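To start, the structure itself, in structure tokens.
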Amino acid sequence: MLSATIAAHPAAAITLRQRHSLRPLQRLRVPIGAAPPRRRMATARPLVVKALASQGVPAVPPKLSFPILVNSCTGKMGKAVAEAAVSAGLQLVPVSFSAMEVPDGRLEICDREIQIHDPSESEKILPSIIEEYPDLIVVDYTVPDAVNANAELYCKLGLPFVMGTTGGNRQLLHKTVQDANIYAVISPQMGKQVVAFLAAMEIMAEQFPGAFSGYKLEVMESHQATKLDVSGTAKAVISCFQKLGVSFDMDEVKLVRDPEEQVNVVGVPAEHLAGHAFHMYHLTSPDGTVSFEFQHNVCGRSIYAEGTVDAAMFLYTKIQSGASKKLYDMIDVLREGNMR
């Protein structure tokens, strides 16, 4: 489930503490980027290809296939990406790194046996993997504390990568990649439709600076209990509101990680407690007569896994074409327009 809600009404000036449930507000509910059913797309594609061919327009490019190493696929997000990569026809490299202990040091994903090594062995093992898989792209879903060290290793080995892990020193991360001149996609948010929402927020902030000056902002985000930090998505949206004139500090974000509160107050379906992202941004005018609310709810991890695979495919095509630009984000991926 992925939705956005916007409200503006004098009677809507209710505090976040009184109601930060994401369900009650029903004035205007606009689905963001709901994907059309796959069956319809599969049925229509031959007709579209024939029509394009008859007009001299290039047909749909051939399906990509290249080796991808998911670091680490022992976590739920990494496993979801590995499964999405196999489903997309990519070659899942049977090696990963994780401090998490698994039986016999092996993990099975989509009938493929993945050998799990300790992260301390990565610098010793990766060179032989690169030699065996020369077109290798790494996808990183590890932990915030490992972001910068992992990026430095990838750059040292000349290994293109997609950084899906949030946290770390992001300024240093970008500098490391730029100094090494390595191909990479770095984004705090891999969900394509959520990224489109973020892009819209950035456009509004750029074109209408100060539009919400004086407004009070309240932010609530609910994630699975294992996510310890404020999400990169929330930070990006808050940054846009700051450009729009709102005064807000990151430590004011209300982090909801208690399962009981998530179900009973936020409205998270119990079956998605282990994997969800519910965000709400509530703005109130200085006199309390006007309020705006922006909301996006995600259940499960498929939206991020599919977006990550699209980012890896995008990066592969850029490498193969010898693109001069080497550092990208998910907005670049969206603009390319070749997503599945």
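Just so it is clear, glycine is given a Cβ too, placed from its N, Cα and C backbone atoms.
Curation does not apply to TrEMBL; its annotations are automatic.
The model shown is predicted, which means the values in this text are computed figures rather than measured ones.
The domain 'Dihydrodipicolinate reductase N-terminal' feature in TrEMBL is assigned to 68-190. Annotation source TrEMBL lists domain 'Dihydrodipicolinate reductase C-terminal' at 194-334.
The average pLDDT computed for the domain 'Dihydrodipicolinate reductase C-terminal' (194-334) is 95. Helix first, then strand, then coil: DSSP counts for the domain 'Dihydrodipicolinate reductase C-terminal' (194-334) stand at 65 helix, 31 strand, 45 coil. For the domain 'Dihydrodipicolinate reductase N-terminal' (68-190), the DSSP counts in helix, strand and coil order read 53 helix, 29 strand, 41 coil.
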